[in-house]
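These notes concern the structure reproduced below.
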Amino acid sequence: MAPPEAELAAAAGDVEEAAAPLVPGSGARRASAAATPRDVHLLSSAFLFVFLAYHAAQNLQSTVNTDENLGSISLGVLYTSFTAFSAVSSAVVRWMGSRCALVVGTSGYLLFIAANLAPSWYTMVPASLYLGFTASIIWVGQGTYLTSAALSHARENNLPEGPTLGSFNGEFWGMFASTQIIGNLISLALLRNGKDGGSVTGKNLLFAVFLGCMIVGICLMCLLSKRDEKRDNAPTHSSFGVMLKYIVAPLKDRRMLLTIPLIAYSGLQQAFVWAVFTKSIVTPVLGISGVGGAMAIYGAADVVCSLIAGRLTSGLHSAAFIVSVGAILQAVVLFWLLLFYSPMSGLLGAAIPLFIGALWGVGDGVLNTQLSALLGLLFEDVKEAAFAQLKVWQSGAIAVIFFLSPNITLQAMLILMTTGLFISFGSFMFLTLVVEKSSTVRP
């Protein structure tokens, strides 16, 4: 039997061969040197408009769509759908082309926001199912399009590919990180009188504004230059077979098995903020209008910590230290909520949810940056397969929280989160020992 690394490399090779049209080859049409940076600006701006609306809307689901827990269950359906479609999204994008996938992918977010203007089981659940599919293809399309633009720009201008990729990704993720701040500040402004939960006019106005942001995002997507539109002539069943092998192969590597608990916890802690923190911690004290302010502070802490943690990362040892800091902060928050927290009135009572949001944002920023760095470091030759695992396990864990949150108490959820944190952190520490031991015995 071949070693796990060999099987992973073989799986990645199959995918790379099948998905060759995604990366522009020597015969691809060359874009002008000026058009490529323009496309990156357009792509970044389009995602900014789309996700400032979606992130703020997602944060409000458990507090504005409370009838029979419609909001939480809809998000659970969404992330279950996202998990399922992640297995075939690369094949779909290869068939559609990255630009077309970006435009079609945006339509799911538009439909989800529109459904919130008339929320019911007949609008929210179908919209969530469709968004799960479109979310899976928009993220594959984004990675493909941005990489293609960066490599094309590097070749046309005789620039090194690595720094060019870093520059293009830095612009994109820098703008994307600001979506939590901008979208939630809009929510804070328009739902200022929603403390009693009955601000229907404010809610409808907010989602109408978000709908306008979505339309702007779609228009910007349509302005992108066409790239990588060449179709692969391989049979469809072969593509799906390659994608299945692509998803399963990393599970034979012990390093991935030890990383999965931390990946799953990263999804759990994100969903905890969206489904539990906003509903059970923020709303009782600050009302629905306070959700926007608390999540804006959470987003700001997340952005700052992501930038700092990214600059401090230099290898496995630095990643282990940074993850340890984030884990300790989130453990402090969980134990505080579990053992000592109770809603308070006054200025101090209003400040506590904001402080908790900031601490949790620091932990989330640490996990996001270090997981990306860790997967790139440990699975350098099969990065695509490793990041596919990241999306599958993260979205699956997010779905679990959204389905569980309406049916268990806050105390039970906190115990679940604490248990997940300790298991994932222990697994990660064991991973560092395994990697360090293998590096010392290697000739």
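Just so it is clear, glycine is given a Cβ too, placed from its N, Cα and C backbone atoms.
Keep in mind that TrEMBL annotations are predicted by a computer and have not been checked by a curator.
Per TrEMBL, the range carrying the annotation transmembrane segment out of 69-93, 369-393 is 69-93. In this chain, the transmembrane segment (100-122) lies apart from the transmembrane segment (172-192): fewer than three C-beta pairs between them fall below 8 angstroms, excluding pairs fewer than 6 positions apart.
The stretch with the most CB contacts under 8 Å to the transmembrane segment (172-192), chosen from 204-224, 256-277, 412-435, is 204-224.
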